[in-house]
Structures are given as structure tokens and as C-alpha cells.
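Worksheet: one structure, shown below.
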Amino acid sequence: MNSTPLFCAEPARKDTALRLAERFGLARVKQRPETGYWLELGDTRLSLETVGRHGSVYAEFVEGAARHRREQGGGRGQPVARAIGLKGGVAAPFVVDATAGLGRDGFVLASLGCRVTLVERSPVAAALLHDALERASVHPDTMDIAARMRLVHANSIDWLAALDEKERPDVVFVDPMFPDTGKSAAAKKDMQAFQHVIGDDLDTAALLEAAIAAARTRVVVKRPRLGPPIEGYPPSANLDGKSTRFDLYSIKALRPACGQG
Ligand SMILES: C[S@@+](CC[C@H](N)C(=O)[O-])C[C@H]1O[C@@H](n2cnc3c(N)ncnc32)[C@H](O)[C@@H]1O
């Protein structure tokens with residue numbers, strides 16, 4: 001059982017709280033905790049809460065930064081789009097976001113037309129994602145995008161290894177947690193909370209290996225701009241964003257005989 005409990009602050013949503021607790025293995029508490037971190041289900045959304053450190057953390061695809069990115073995001077010209085190989089008239093690839101987190105990258109890719117499977121192993125992050133996807137799927141501005149997104153609560157290392165040949169994605173996107181990732185105040189708040197609740201991802205080399213074995217065309221790893229690449233395989237190319245770098249691993253270059261699956 002995960003140690004971050006779920007508190008339902010809205011009696012009318014008790015059934016939703018029960019379903020969330022069951023699906024993601026969350027312990028329910030009757031009183032709002034006074035210390036530590038907890039998930040709180042309110043009348044409009046699920047959020048990760050704490051006292052004194054920072055405000056609410058939640059996944060959001062309809063309003064705020066997600067709306068801004070949807071409306072002004074730079075389309076296929078933005079670095080993440082180029083990193084996954086989206087250009088001109090090329091059909092949007094099927095992407096597995098193997099470290100879904102709060103789904104920001106996955107949502108950008110789905111906004112660009114990709115079918116995206118979001119895989120997240122933390123029950124806390126997965127529950128927050130589930131809630132945001134439910135809200136996005138009933139809002140007229142985002143329902144089409146949400147329909148291209150699917151959430152899987154699993155460890156990507158095992159999940160990727162178990163895929164059938166016909167289920168293999170074109171691209172696997174990987175953005176593991178390292179100390180000090182994220183430059184914006186919002187990202188800092190989210191990552192500070194995730195550091196407490198989830199901790200660093202210490203098995204990235206195994207994840208990269210599983211991603212390379214599963215992807216048909218490429219693996220994209222998002223890194224801090226000056227951070228080292230993940231150990232194991234040298235990237236085939238890099239693409240610099242403002243504060244991040246994308247390391248690209250071409251399957252053709254790594255597995256010449258079977259690169260096109
Ligand atoms: C830095 S966050 C990703 C942020 C995300 N790109 C976004 O846009 O919100 C890393 C997330 O990957 C998840 N993660 C790391 N390794 C994983 C694995 N092997 N399988 C599934 N999830 C994993 C962590 O639990 C964490 O939620």
C-alpha cells in the first residue's frame with residue numbers, strides 16, 4: 001500500500017474516492033492530515049497537498065499552462081515535436097510516454113496529433129493523471145486530445161518488455177526525475193512535491209534499455225540542458241530546448257537489422 005493517503009473533502013464524491021483508492025492502492029483517511037503529503041479529492045479535482053511547503057499540485061489539461069500551450073504552443077516547430085520526429089506532412093507517431101508524471105509532455109504530444117500511452121508507476125502521480133484525464137475528456141476544448149491519451153499504471157520497464165509485436169510504439173519518450181529538474185516556479189513546486197512523495201528515479205539505465213528494445217523508430221530522453229546522458233547507450237543526436245535537451249536514440253542506428261520492426 002502506498003504511504004500517501006487519500007482524503008475526500010467532498011462527501012458527495014465519496015464513491016469516486018473509493019474507486020480511486022481501489023484502483024491505485026491508496027489508503028483512505030477520514031480527517032485531513034496535519035503533516036506530510038496527502039491526496040485530497042475536492043469538488044472539482046484531485047490534488048496533492050502539504051502544509052507550509054507549497055500550494056496544491058495537480059495535473060491539468062484544460063486550464064492554465066495547458067491552455068496556453070494548446071493555443072500558443074508553437075505546433076510542430078517546438079523542440080519536443082522535432083525530437084519525436086514530427087515534421088511537415090509526416091503522420092503523427094504512436095508514442096509511449098514511459099515516465100508520464102503530471103502528463104505535461106504527453107499532453108503536448110497528444111495536442112500535436114499523436115496517440116499517446118502514458119505509463120506511470122507512482123500511484124500518486126497515476127491518480128492525479130487519471131483525474132486530469134477524466135476532466136479533459138468531458139471538456140469541449142480538450143475531449144478530442146484526451147481521446148488520444150490512455151493511462152497505464154505500471155512500471156514501464158516491465159510493461160514495455162511485455163508488449164506484443166503489434167503493440168510496439170513508434171517512439172518511447174523518457175523524462176526521469178533528477179534533482180533540480182525544471183526551471184519554472186510551477187515545475188519547481190511540482191518536482192519538490194514529487195521528490196518527497198516519489199523520490200529520484202534510480203533505474204533509468206534499465207528503462208532506457210527497455211525503451212530501446214520496444215521502440216520501432218526512436219527513443220527520446222528529456223534531460224536538463226547540461227546534464228549527462230543516461231548511462232548505457234550514447235545518443236545518436238541531441239536537440240537543445242530552452243532549459244532542456246532531448247537525447248535521441250535512433251533504433252535504425254542501434255538495431256540495424258530490425259529497426260523498422
Ligand atoms: C520528471 S517526472 C515526468 C514529468 C512528465 N514528463 C511531465 O511532463 O509531467 C518523472 C515521472 O516518471 C515516473 N517514472 C520513472 N520511472 C518510471 C518507470 N520505470 N515506469 C513508470 N513510471 C516511471 C516517476 O514516477 C515520475 O512520476
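Cβ from N, Cα, C; glycine included.
The following features are taken from TrEMBL:
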BINDING   ARG104, ASP105, GLU120, ARG121, ASP175  S-adenosyl-L-methionine binding site
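A map of TrEMBL features onto the structure.
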| residue | record | DSSP (3 states) |
| --- | --- | --- |
| ARG104 | S-adenosyl-L-methionine binding site | helix |
| GLU120 | S-adenosyl-L-methionine binding site | strand |
| ASP175 | S-adenosyl-L-methionine binding site | coil |
Diameter of the S-adenosyl-L-methionine binding set by C-alpha atoms, the set being ARG104, ASP105, GLU120, ARG121, ASP175, in angstrom: 16
Spatial neighbours, same chain, of ASP175 (S-adenosyl-L-methionine binding site) - Cβ under 8 Å, 6+ residues apart: ASP97, THR99, GLY101, ASP105, VAL221, LYS222
